[in-house]
Amino acid sequence: MPQVVMLLLHLEGVSFIQWLQTTFSDFAEVLLFLTRMGDPRHAYLVYFPLALVFSRSVGLRTLLVAIISEWTNLILKWMLHGERPFWWIKDPEIYEEGKAPHLEQYSLTCETGPGSPSGHCMVTAAVLWVVTSALVSDLSAAPRNSWKRNPMVRAAPWLIYSFILTSAGVSRLFIATHFPHQVVFGTAVGVLIGYMFNRVQVQSFRPSMCVVLSAGLAVLAMGLYGILLHVFSIDPSWSIKKATQWCAHPEWVHLGTTPFFSVARDSGSSLGLAVALHSILPQVKTARDRTMDSSPEGKTVGVSTVGFLLLLLSLTLSTEYLVLPQEPQTLLYSLVFVKSALLTVGVIGLVTGFSKLIQKKQKNW
């Protein structure tokens, strides 16, 4: 029975993807841009720095949720063994030779991990839940006669949140890298993780907790990999072979989408957070959580903050241009681990230094 249900979901999913590709073919570049913005790496390169600049507690929570959601997504992918549309239609047990439906492939189609649940939708839903709920809380805390208390104003962040998730999901379907049920499932789990961790005060963590988290993420992932491979005779790397075999262009297959790449990023970011909690954040425990305020000097602070944020984002995004060796893979994953740890420490250090500078200047005003 479950196999019949999955077959129907896949068949109907392929039909829906074909309709999307036909209907929105003129918007292919827009949809490719949307799927790039939904990439889990942007949780570390964009959303985390952005949130941290405006609120230390929200920024650290965003980082933690990014780590937890991406790692959970990996574990679910290995356990659920989900197919991807672009290779599923090539299965000779489903379609006879020459009768398989055609799905257009794009430069971002050929992801190498299993398909369910969608990592893009899951991580984006989780981290933006934290950011959106923090924004809504700020609006709700405004004086009763403030325009910020208007119900429409407070509803706007959630409407934008829903629009972003819908756009990300449609873009993943359009490029034939996910089935609809995988997008819905990933979004639902992401919302759940964001909700569950939304009140966690990361700054109160002991550094040792994050060291344990860093090691635990790697050990548990490798342990599950070994159990699946040696106990259940299931090769967790099966999806890499499928993607390589059925991708229209070999150069579109990137190791940056492999499961262990995510593990290295999550584990490295956790260790970087531990270093920051030990060496950087203790210096600012008594400092205010917000960088910007509504004081008479607020406009000056606001302009400075926006300028700093643009510079910070340009720095974090530029790290993606670092060319890491693809072979041997152990070296690649080790370098990703180190890079992620340094990036986390660097972002927290720069934002903390900027916050101190702003406070020092305000004392002289």
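Any Cβ shown, glycine's included, is placed from N, Cα and C.
Unlike curated entries, TrEMBL annotations are predicted automatically.
Computed from a predicted structure; not experimentally measured.
Feature annotation (TrEMBL): of 19-36, 181-198, 271-288, the stretch labelled transmembrane segment is 181-198.
When secondary structure is read from DSSP and collapsed to three states, Arg84 (substrate binding site) falls in the coil class. Annotated pair His178 (active site, nucleophile) and Arg172 (substrate binding site), C-alpha to C-alpha distance, rounded: 6 Å.
Cβ environment of Arg172 (substrate binding site): Thr35, Gly38, Ser118, His120, Cys121, His178, Val183 lie under 8 Å away, each six or more residues apart in the same chain. Residue counts for the domain 'Phosphatidic acid phosphatase type 2/haloperoxidase' (58-198) under DSSP (helix as H, G, I; strand as E, B; rest coil) come to 93 helix, 0 strand, 48 coil.
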